[in-house]
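Down below is the structure, laid out as structure tokens.
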Amino acid sequence: MANNSPALTGNSQPQHQAAAAAAQQQQQCGGGGATKPAVSGKQGNVLPLWGNEKTMNLNPMILTNILSSPYFKVQLYELKTYHEVVDEIYFKVTHVEPWEKGSRKTAGQTGMCGGVRGVGTGGIVSTAFCLLYKLFTLKLTRKQVMGLITHTDSPYIRALGFMYIRYTQPPTDLWDWFESFLDDEEDLDVKAGGGCVMTIGEMLRSFLTKLEWFSTLFPRIPVPVQKNIDQQIKTRPRKIKKDGKEGAEEIDRHVERRRSRSPRRSLSPRRSPRRSRSRSHHREGHGSSSFDRELEREKERQRLEREAKEREKERRRSRSIDRGLERRRSRSRERHRSRSRSRDRKGDRRDRDREREKENERGRRRDRDYDKERGNEREKERERSRERSKEQRSRGEVEEKKHKEDKDDRRHRDDKRDSKKEKKHSRSRSRERKHRSRSRSRNAGKRSRSRSKEKSSKHKNESKEKSNKRSRSGSQGRTDSVEKSKKREHSPSKEKSRKRSRSKERSHKRDHSDSKDQSDKHDRRRSQSIEQESQEKQHKNKDETV
């Protein structure tokens, strides 16, 4: 954002000359201060930025803490102009460290864990860096930056101006900006909480030669540019302070200027109307008299502030004493109360323990009774199950007996039926066999009769023939005797074969007929005996005939 003040806008040569004249006049009136480098009109009033145009080349941790800070989001958001931001710096800034005191716990940590390069855990970002980023959001012009670094009211305004240059300007231009201020002897305390006082010149030499600034880093300077800066700093050693009256006078002047520039001006956060704003056109019309008047007013105001601070200190001391007594009394009361409470707690604990023991005993009794009841119920259930099993067994046995009896009855009935059937079959078979045996015996008698008749007839015929043939030769008788012997040999073999066939038939019949009576056997034997007798008779008859 551009500055809204009409006095600081414009790029004409007369305005530059007027600003330079006003700066020289203020330096003459206020004592030895910083010398302003010449600003040529050819450079223009627009100040280009170097590096990242959104982050101002700040450490990401610091930038995120700035953007999330309520101070930056609420209070600094209301400041719209360059002069309002300068007044805020005058009243609020007391150091130029990036973090407030005690907000970052880095004790005992080293390296990257210690947050030396800004990568550790964040803390409360300082007011100075919030205002520095607010200046960056305003997009300052060259004239406004020169007004910051040559400001006479507060060294912290100048320090933030130099820091703005270090973060936003090219490394090749840093020497041109800082060269005329390297011997500036104005003091300021740069550390949060105090304890690190240095001059503006020492701070600028640190900006040019070191990258680290407390727990953050400046933008890196290229190696050739850094070597050039180091050589030029060697040619510009630090000046020794003057001795004698001139040194004393200069020290007195610096003391007066430090008092007038001290940031702890007033308890109110608003800007004092008596304080000069900056080296601008407001001081062109006034002279040394107006500046002296402002100095007198400032001294008076500082004296009143000191008195008010001393009163406040006295009040604080008295309050601290009263608070100490009150604390002691309250501590004694608290001790008494704590003792009584501890006693009450002990009594309550005892009562609670007793009640717990009683409850536990009751619970144990309940558990015992419950276990007993459950045991009795289990025994009853077991007895019931045993009785049921016995009943089931008895029922099963009865059913098995009935089933067996039924089976036996059925088998007996079946056996009776089978026996009756077998008897019927045996009777029918015996009848058939008897009938067959009778028919066979009849046939055998008939055959035997016919055979006997035939034999008798043959015997008669043979006897006749024998008688007729006896007269024949004895040779024929021999042949006949041989033939008869052969016949006799053949006849028993035939009988044996017949017997074998009959025995086979009998065995076959026995296999097929399992239940035959003895009557059948007797019949067979009789028939066989009859047949044998008939055969024997035939053989005898043959022998007799022979």
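Even glycines carry a Cβ here, placed using N, Cα and C.
Checking the candidates SER103, SER206, SER290 against Swiss-Prot, the annotation phosphoserine falls on SER290. Between the listed residues SER289, SER485, SER534, Swiss-Prot assigns phosphoserine to SER534, with no corresponding entry for the rest in that record. Record note: of SER266, SER330, SER441, SER529, Swiss-Prot gives the feature phosphoserine to SER529, with no matching annotation on the rest. Checking SER342, SER428, SER473, SER503 against Swiss-Prot for the annotation phosphoserine singles out SER473. Between SER40, SER260, SER394, SER481, Swiss-Prot assigns phosphoserine to SER481; no such entry appears for the others, which is not proof they lack it. In Swiss-Prot, the feature N6-acetyllysine is attached to one residue out of LYS54, LYS139, LYS191, LYS227, namely LYS227. SER448 is the residue among SER439, SER448, SER513 that Swiss-Prot labels phosphoserine. A gap of 158 Å separates the Cα atoms of SER527 (phosphoserine) and LYS227 (N6-acetyllysine). Counting other Cβ atoms within 10 Å of each Cβ, the lowest count among the modified residues SER318, SER527, SER534 belongs to SER318.
Looking at LYS227 (N6-acetyllysine) and SER320 (phosphoserine), their Cα atoms lie 57 Å from each other.
In terms of C-alpha distance, the listed modified residues SER448, SER529, SER534 place SER529 closest to SER318 (phosphoserine). Taking SER320, SER529, SER534 as the modified residues under consideration, the smallest Cα distance to SER448 (phosphoserine) is found for SER534.
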